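Undergrad: Sharing the features that Swiss-Prot gives for it:
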- Thr28, Gly29, Ser30, Thr31, Asp81, Ser82, Ala83, Asp84, Lys94, Gly95, Lys96, Gly97, Lys121: substrate binding site (BINDING)
- Glu103: active site, proton acceptor (ACT_SITE)
Amino acid sequence: MVQNKLKKSVGWAALKYVQSSRIIGVGTGSTVTYFIEALNSIKEKIEGVVSSSNYSSNQLKKIGIPLCNLNSLHELDVYVDSADEIDSHMQMIKGKGGALTKEKIIAAAAKKFICIVDSSKQVNILGRGPLPIEVIPMARSLVARELVRLGGLPEYRHNVITDNGNNILDVYNMKIVNASLLETKINNIPGVVSVGIFAKRRADIVLIGTREGIKIIE
């Protein structure tokens, strides 16, 4: 499949940006799976990885790369992750895999955030697809009502519990013109753990896998 080839190419291209880092952050998703595959080729140079999900942690363990606790680190040089959508300002929507809270924490801790995507993830305005929001279970209905007031159409993601023990609401009909403002508004709703808008901490470098090769935006 062409899309998988693009994901693999951009996953391997990200190796260039972690060669000098002994400890790195790693996200979650199908594109990141290819990056983890690529890490296997330089694992002897890596002291440890801060992982954003149990799924990625298991992948890293299988290839023998040790995991690190973010609390034990003074600094984190680089974080590599993918996105569900990304605009020309390097603002993103993330969270399809349910790991948005840990992804946001690691991104905030890292000096540099490398986003790896295939060209299908590029959008003019964020909100083409659903916006994931992690919520405390007891607040799910309250948060949903507040999201309706903001113009959204929230749907409960059934049979999904995050690594933090919470629920996910997927919000449709959100054309996100001012991503930073909406990120703040949703984060301020009681019961919201994290919203999948990455505007305040956007990517520093974006690698886009295209049919013509790797496109780099800085």
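A Cβ is built for glycine as well, from the same backbone N, Cα and C atoms used for every other residue.
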Undergrad: In the same chain, outside Thr28, Gly29, Ser30, Thr31, Asp81, Ser82, Ala83, Asp84, Lys94, Gly95, Lys96, Gly97, Lys121, whose C-beta lies within 8 angstroms of the Cβ mean position for the substrate site?
TA: Gly27, Val32, Val117
Undergrad: Among Asp81, Glu103, all listed as recorded positions, which has the most CB atoms within 10 Å of its CB?
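TA: Per the Cβ count, the most surrounded site is Glu103.
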Undergrad: Tell me whether Asp81 (substrate binding site) sits in a helix, a strand or coil according to DSSP.
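TA: In the DSSP reduction, Asp81 (substrate binding site) maps to strand.
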Undergrad: From the Cα of the residue listed as 'active site, proton acceptor' across to the Cα of Lys94 (substrate binding site), what is the distance in angstrom?
TA: 9
Undergrad: Looking only at Thr28, Gly29, Ser30, Thr31, Asp81, Ser82, Ala83, Asp84, Lys94, Gly95, Lys96, Gly97, Lys121, which the record lists for substrate, tell me the maximum pairwise CA distance in angstrom.
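TA: The widest Cα-Cα gap among those binding residues is 15 Å.
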Undergrad: For Thr28 (substrate binding site), just count the other CB atoms lying within 10 A of its CB, please.
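TA: Its Cβ shell of radius 10 Å holds 28 other Cβ atoms.
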Undergrad: Check each residue in the chain of Lys96 (substrate binding site) that is at least six apart in sequence and keep those whose C-beta is under 8 Å from its C-beta; list them in sequence order.
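TA: Set apart from Lys96 (substrate binding site) by at least 6 residues yet with Cβ under 8 Å, we have Gly29, Asp84, Pro132.
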Undergrad: Which residues does Ala83 (substrate binding site) neighbour through Cβ under 8 Å, counting only same-chain ones at least six apart?
TA: Met92, Ile93, Lys94, Cys115, Val117, Lys121, Phe198, Ala203
Undergrad: What's the CA-CA gap between Asp81 (substrate binding site) and Glu103 (active site, proton acceptor) in angstrom, rounded?
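TA: So the alpha carbons of Asp81 (substrate binding site) and Glu103 (active site, proton acceptor) sit roughly 8 Å from each other.
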